[in-house]
Amino acid sequence: MSEITASPRHDWTLAEVEALFALPFMELVFQAANVHRAHFDPSEIQLSQLLSVKTGGCAENCGYCSQSAHFKTGLKADKLMAADDVVAKARAARDGGAQRFCMGAAWRELKDRDLPKLTEMIGEVKALGLETCATLGMLTADQAKALKAAGLDYYNHNLDTGPDYYKDVVTTRTYQERLDTLAHVRDAGMSTCCGGIVGMGEQRRDRAGLLHQLATLPAHPDSLPINGLVPISGTPLGDKVLSEGKAIDAIEFVRTIAVARIVCPKSMVRLSAGREGMSRELQALCFMAGANSIFVGGKLLTTPLPGQDEDSQLFQDLDLKPMGGAVRVEAKADAAMVAAE
């Protein structure tokens, strides 16, 4: 394996990424922390909120997702929210300390008929002074350009897992289709938000495969969310994890964060779904290993996040501060409810 440096590379081999995972834990975290400090203030954490603007009824069969129409999870499908309601949630998120506001819709792909309403939402949220992000399923090249023109800064489209395990997660969308959407986003001039989920029954080689894919993209993701599976009853992967009682090992989760930081040194590595189930000590280790972004707001889709008081106390105890330093960790009581990327 080549010497670990803080300089971005796009020529990582899968063997090199696997070798990073195999480093002694203390050495891996040390190297990741060094890379992190070369590009970021380790005491600064970015705060984001992600609102579900259209929940449930998705045609995809992603085996972890409560929003899939293929599974009976008790989730009620809703129509696309009105722009005024979305803007009100965004304003509350901004006033509560969020720097980025993400809008998510449970669609396989964006339909042109929904573009006018979405571009209106994006423009009005942008006018609040927030960074804007959306996750709306697959995009065409023209749709990506329209979203960019409306003021969208970031587009989220996760790879979910490594290519070899992907068929065990979803069969209604190909890996290449995900890569194609990311290419449309880049070509339109938007920043990419792309990561995956761990704890779905995959092996370490699959986690390495995911990070290898991300590290060898033409441009590293600007934001790299790492989600820990929150098993939801009624979903195939959730039921499997619940029945077997097997969650990803906490140390292995930190390893994943550390490797992500090393192979994508300038990306914002985000602790996403699953943070509610993490101890304070585990979150601290993740921050030490290079995570520097979290979701706030109390809820991610159908799964909980730590409350405002918990996050405020965690930041105080770890001497952390919101990125930019001008916003509060505490969210107001009416802060927007948020949904998972």
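Backbone N, Cα and C atoms are what each Cβ position is placed from, and that goes for glycine too.
For 43-266, the entry in Swiss-Prot reads domain 'Radical SAM core', with the evidence type sequence analysis. Mean per-residue pLDDT, taken over the domain 'Radical SAM core' (43-266), amounts to 91.
If you draw a 10 Å sphere around the CB of Cys58 ([4Fe-4S] cluster binding site), it holds 21 other CB atoms from the protein chains shown. For Cys58, Cys62, Cys65, the entry in Swiss-Prot reads [4Fe-4S] cluster binding site.
The [2Fe-2S] cluster binding site annotation in Swiss-Prot covers Cys102, Cys133, Cys193, Arg270, and the record cites sequence analysis as its basis. A sphere of 10 angstroms centred on the C-beta of Cys102 ([2Fe-2S] cluster binding site) encloses 30 other C-beta atoms.
Separation of the C-alpha atoms of Cys65 ([4Fe-4S] cluster binding site) and Cys193 ([2Fe-2S] cluster binding site): 19 Å, rounded to the nearest whole number.
Compared over the binding-site residues Cys62, Cys65, Cys133, Cys193, the count of CB atoms lying within 10 A of a residue's CB peaks at Cys193.
Secondary structure at Cys65 ([4Fe-4S] cluster binding site), taken from DSSP and collapsed to helix, strand or coil, is coil. Across the structure, Cys102 ([2Fe-2S] cluster binding site) and Cys58 ([4Fe-4S] cluster binding site) place their CA atoms 18 angstrom apart. Same-chain residues at least 6 positions away in sequence with a Cβ under 8 Å from that of Arg270 ([2Fe-2S] cluster binding site) are, in sequence order, Gln46, Ser48, Gly195, Ser223, Leu224, Pro225, Ile226, Ala291, Asn292, Ser293, Ile294, Phe295.
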